[in-house]
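Below: one structure, written as structure tokens.
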Amino acid sequence: MSVLPIEKGADNPILRKKGAKVQKVTKTLQKLIKDMHDTVKAADGAGLAAPQIGRSLQLCLALIDGRMTVLVNPKITSKSDEMETEEEGCLSLPGLTVAVTRPVSITVQYMDVAGKTQERRLERFDARAVQHEVDHLNGVLLVDYPQKK
């Protein structure tokens, strides 16, 4: 296991690219996931997406129910109409916080580390953390959200 360098900068091409779909969970992918766990823990983050460590894959970790959860090929299948604006930070944009308006609750479908499809309804912080990481998988950063003047 190792702590990987985190890609930084709003103009970084790897952070602006949509990640490739993961075909299956391999030993190589499992090692990458362990390294991502070490990296996010060392950075004291609430999540980490594969593009943030230079891998253009649909793979992320997000803090859900107080535990770092692996989401492979996550897809948000529903969003609440109720919205909430909260300050967010990003390991790839150090020192920056942005007020982002997001749905309060979502349903996300993903593959777990065992290769099984999961579906979860998430609320508040958990929903926000997953939405933030899914944004990374699609090349979207905090700076892309409109700011109130």
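For all residues, glycine too, the Cβ spot is worked out from N, Cα and C.
A TrEMBL annotation is a machine prediction, not a hand-curated record.
Cβ neighbours of E133 (active site) (same chain, under 8 Å, six or more residues apart in sequence): G47, L48, A49, C60, L61, A62, L71, P74. Mapped onto three states, the DSSP output places E133 (active site) in helix. The feature active site is assigned by TrEMBL to E133.
Taken from TrEMBL, the feature Fe cation binding site covers C90, H132, H136. Taking the Cβ of C90 (Fe cation binding site) as reference, residues of its chain lying under 8 Å away and at least six apart in sequence are, in sequence order, L96, H132, L141, L142. A coil conformation is recorded for C90 (Fe cation binding site) in the three-state DSSP classification, outside any helix or strand.
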Fe cation site, defined by C90, H132, H136: further same-chain residues with Cβ within 8 Å of the Cβ centre: G47, A49, Q52, E88, L91, S92, E133, D135, L141, L142
